[in-house]
Amino acid sequence: MNGIGRGILIQLISQDIDPVTKSGKFAESYVRGWLSKPSDHPHIVEYAANFTVPHDFGRPGAIIITNLLDKEIHLVQIVVHGFNEGPLFFSVNTWIHSQKDNPESRIIFQNQAYLPSQTPPGIKDLRREDLLSIRGNGKGERKLHERIYDYDVYNDLGNPDKSEDLARPLVGGKEKPYPRRCRTGRGPTKKDPLAERRIGKPHPVYVPRDETFEEIKQNTFSAGRLKALLHNLVPLIAATLSSSDIPFTNFTDIDKLYKDGVVLNDDNDPQKNKFLSETLDKVFSVSKRLLKYEIPAIIRRDRFAWLRDNEFARQALAGVNPVNIELLREFPIVSKLDPAVYGPPDSAITRDLIEQELNGMSVEEAIQDKRLFILDYHDMLLPFIGKMNSLPGRKAYASRTLFFYTSRGVLKPIVVELSLPPTPSSPRNKRIFSHGQDATNHWIWNLAKAHVCSNDAGVHQLVNHWLRTHACMEPYIIATHRHLSSMHPIYKLLHPHMRYTLEINALARQSLINGGGVIEACFSPGRYSMEISSAAYKSMWRFDMEALPADLIRRGMAVEDTSMPLGVKLVIEDYPYAADGLLIWSAIKEYVESYVDHYYSEPNSVTSDLELQGWWNEIKNKGHVDKKNEPWWPKLVTKEDLSGILTTMIWTASAQHAAINFGQYPFGGYVPNRPTLMRKLIPHEDDPSYENFILHPEYTFLASLPTQLQATKVMAVQDTLSTHSADEEYMYQLHEIQQFSVNDHEVLKILKRFSAKLKEIEHTINQRNKDIRLKNRSGAGVPPYELLLPTSGPGVTCRGIPNSISI
């Protein structure tokens, strides 16, 4: 590297205009080699260059770098000494392409934040030039060294050239609306001109160069290596596990996964087994032939908790998917689906069925007192149930579950309705289940709850997790890079919350949500998974309702109350996700408002910010173009408008994703608690299988769950997705690079106040988890609710709020 010599040309650009050239004054020099002073970090090499500038050069505002080497370089930071202002920091953490790949030079701006109107004259043209270089022209296939951000539909999930069975419909557009993804520009498949050809492993999917995972740390299991498992580990596990895809025959089979592990098949490709063994040694710390799982949190304290009704209900408020439960506000329950297609709209849940569980209350009294709640997947799933049930080894219902909030302050399930599409002989194809006192009803009730959990698992993964966090964040990130200069204060605010998201989403398109991928293989919707996700986006996604207080009010789980800090009061006080979430939301809101106030102090400063207005317009008109004409989009006129928009985005990228992601293995790692698919319908008394159910109810229950291969495959994915990497960046942390990147003491004060507030919240949450009155987060065998604790160590911890969606 000492021979780098004249391989890197650096031009120092002044903030002041040269009266002759009418552009910024500049001075240039070549990098002359490394410094004798060793770096604090062994993987970072420091180089130096000398500049001679006239006395009236002014303050440097930008640096132009031309990389004349044959390979790219990773630039962490430039520090300029010798000016009266003291050291000037240019913290970038970016890849600089080789000139042989792209003749354009790179523009690096000094850390000072400027609104467009405040840009110093010497670098104003460079600001615009840099933004234009990021947008590209929308043509051609993207190269891995590029940093082009552009939009495309989800036309890369299928693989019709490999198999007709792997063809998938385009997602995004009038017929199947969806947020847009980052464009890669790959050519069409041979068999479908509208589908983008797949790229085979181990070749990476294009994302802009600085969005890729960092892997510079040696001898550590970095975030990049963790995410790389999505390339190789998942399909290799599927290929190397025992080839006999059989059901669990007893609960001891499941317990062995945590005690003995899963024996891998030695008869497969030795090269694959060699790679798999090496990978597993690093990831799971197990022997070369075993894939052993940690005991999930749900059974660690009480191995039978999952069987109890109160735990089934508790997880609707404090589990991995606590965002679908709603207050029941009307009775009777009526479907909004077309009755000509889906049968009579009235639910089969009757007044008598409900009132026998209400301890003397009427339905009207229970609704009035806000004591009845519902988990309703009927309308979302029934249009797909027929197609889902035509898939081999899949049997599902569209479920409704009714809960009663007891005087003891706990939720209990009182009735489950499971619906199938109507048939000529059964136009009202619905079954009702409630907990009974005899053994037969006990097992039937558990099967009904398992079907509800399977519905819940699918909606959680496809809608609340993938769509509402991963997919909906992607257009915000693309628009931020395309329209907000790296000097823009809002870019600097959002930057920590965009880390690794485009890369993890690209990996998901390659291995998780693709045709034949893990989600299709392991969840009930199968090949119709993304169609369900699209239908949910069309029917229920609204940007204004992604704000936590608005979402809680929409679901009836909170009411407006001006006496409360955020203007909302929870209907169920012991609703851990909402109670802790409102603390985090409030802290983010206060932080964002202070930050926005600091930069947008002048009247009309929001409307006159052309970069900002272009950013918001593109999010609506390109990123979420299928919903561009909806009336609910917030206006961007005042700084209050801006603060609300940014608070929602940061909440989504950080706390919301943490709440619904990092509990996946702790709750789903024990298959009976949260089966991702069901393989059998519940037997009727006149079914041939009913007699076998009576004789062997445990076997019938387990045979309805995912097979051993399906279960262990999804457990491996859930374990990976629930894992914090060693280099995770959390919301409460103030990294040195982040401090340098703002270069504003007032903003640093705002950041420190935010960090201190999050530490206060952590203490409050810990105290709540010790409060015996809060039965949804404390008690014998009850796991504490820690998913919204700001801090965490590495591994599967079921806690910790990273800045961004990085897994």
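Yeah, the Cβs are placed from backbone N, Cα and C, and that goes for glycine too.
Automatic prediction, not curation, is the source of TrEMBL annotations.
Model, not experiment: these values are computed from the prediction.
Listed ranges 98-130, 164-196; the one TrEMBL annotates as region 'Disordered' is 164-196. Beyond the ends of the region 'Disordered' (164-196), by six or more residues, the same chain brings 138-142, 148-158, 205-208, 467, 471-472, 474-475, 478, 502, 505-506, 509, 514-516, 527, 530-531, 533-535, 537-538, 622-627 to within a C-beta distance below 8 angstroms of the stretch. DSSP labels the residues of the domain 'PLAT' (1-110) in these numbers: 6 helix, 48 strand, 56 coil. Note on the domain 'Lipoxygenase' (113-807): its mean pLDDT in the predicted model is 91.
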